[in-house]
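Single-structure report; data block below.
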Amino acid sequence: MEPTELGPSTYNDCFNAKKYLEDYYSMDPETKPMCSDVRFVITTLHRIFSSGLIKGETMIELGAGPVIYHILSACDTFKKIYLTDYFDGNLRQIEKWLKKENNAFDWTPYMQYVCDLEGNRCTPEEKGEKIRSKVTLLKSDVTLANPLEPVSLPKVDFVMIGACLTCACKNEEEFTASLKNIVSLIKPGGYLFIEDCLEASYYIVGDIKFSVLSLKEEMVRRAVVKAGCAIDEFEIFRDSQDSVTRDDFDRESVFCLLAHKLRK
Ligand SMILES: C[S@@+](CC[C@H](N)C(=O)[O-])C[C@H]1O[C@@H](n2cnc3c(N)ncnc32)[C@H](O)[C@@H]1O
């Protein structure tokens, strides 16, 4: 199986959002627990949001794909949440969930997991309704100076991006430039959260092998600082005992980075 070209256009041509959800996010109580990488990201976001450090009215997620798990802790903090992606087919999967369509992906186990972490102060159903009342879907392209073009929003309090920059950027130069584009959406003093993999070259969805930019920790740190941010934390998680095998996704580790935009 030959890997695809790196870069956004591949996603319009080749990405199967439904298959991606099945392969990477479906769970079965008997046979398929939550992927340990995802558990790491969820618990990190829970810790960050329960600390009260991040506050504000509005957040944006870039490259959200067909996925909503990144906002399960953030949804209590913000009044307005923009979930964005390059590929319409991904946004359509989220729309199905927002509208409770019959074949929408079931995020209940993820909701339950976060509700348990939060001490069950609300039910998964209540969390789902809260998210539905706050989310707006938009197109995005992180390689553009304004990644939300043609939409222009006032600067926001928080921007997150998960497993997207390694798919959208071909090299360190593009990675650095895209990060600058992303940070331009944040208010001075606002926060940036990045979740992605280190030292990967591909992941597989169905019978398509998607190329991934192989990142190193130092490359990420350099780009975040060049984009005008100070890094607050950089957590790395390695787990070889995973339900998604290395044949599907050859990452060495997964990281979560939190940074704030410097006031100039
Ligand atoms: C591996 S998927 C990650 C999806 C989701 N964030 C997750 O964590 O599972 C990569 C995502 O990046 C999106 N993407 C690729 N290039 C992009 C670009 N230039 N701008 C915005 N999104 C992009 C793809 O459409 C896809 O949804």
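One is the number of the first residue shown, and numbering goes on along the chain from there.
Cβ coordinates are placed from backbone N, Cα and C, and glycine is handled just like the others.
According to TrEMBL, the protein has these features:
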type	residues	note
BINDING	TYR20, TYR25, GLY63, ALA64, TYR69, ASP85, ASN90, ASP141, VAL142	S-adenosyl-L-methionine binding site
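Ligand 1 lies under 6 Å from the Cβ of the following binding-site residues, listed in sequence order from TYR20, TYR69, VAL142: VAL142.
A 10 Å cutoff on Cβ-Cβ distances gives GLY63 (S-adenosyl-L-methionine binding site) a total of 29 other Cβ atoms nearby, all chains included.
Under 8 Å, Cβ to Cβ, and six or more positions away along its own chain, TYR69 (S-adenosyl-L-methionine binding site) finds TYR25, VAL38, VAL41, ILE42, TRP107, TYR110.
Cβ neighbours within 10 Å of TYR20 (S-adenosyl-L-methionine binding site), excluding its own Cβ and spanning all shown chains: 22. Residues listed for S-adenosyl-L-methionine, TYR20, TYR25, GLY63, ALA64, TYR69, ASP85, ASN90, ASP141, VAL142, cover a largest CA to CA span of 24 Å.
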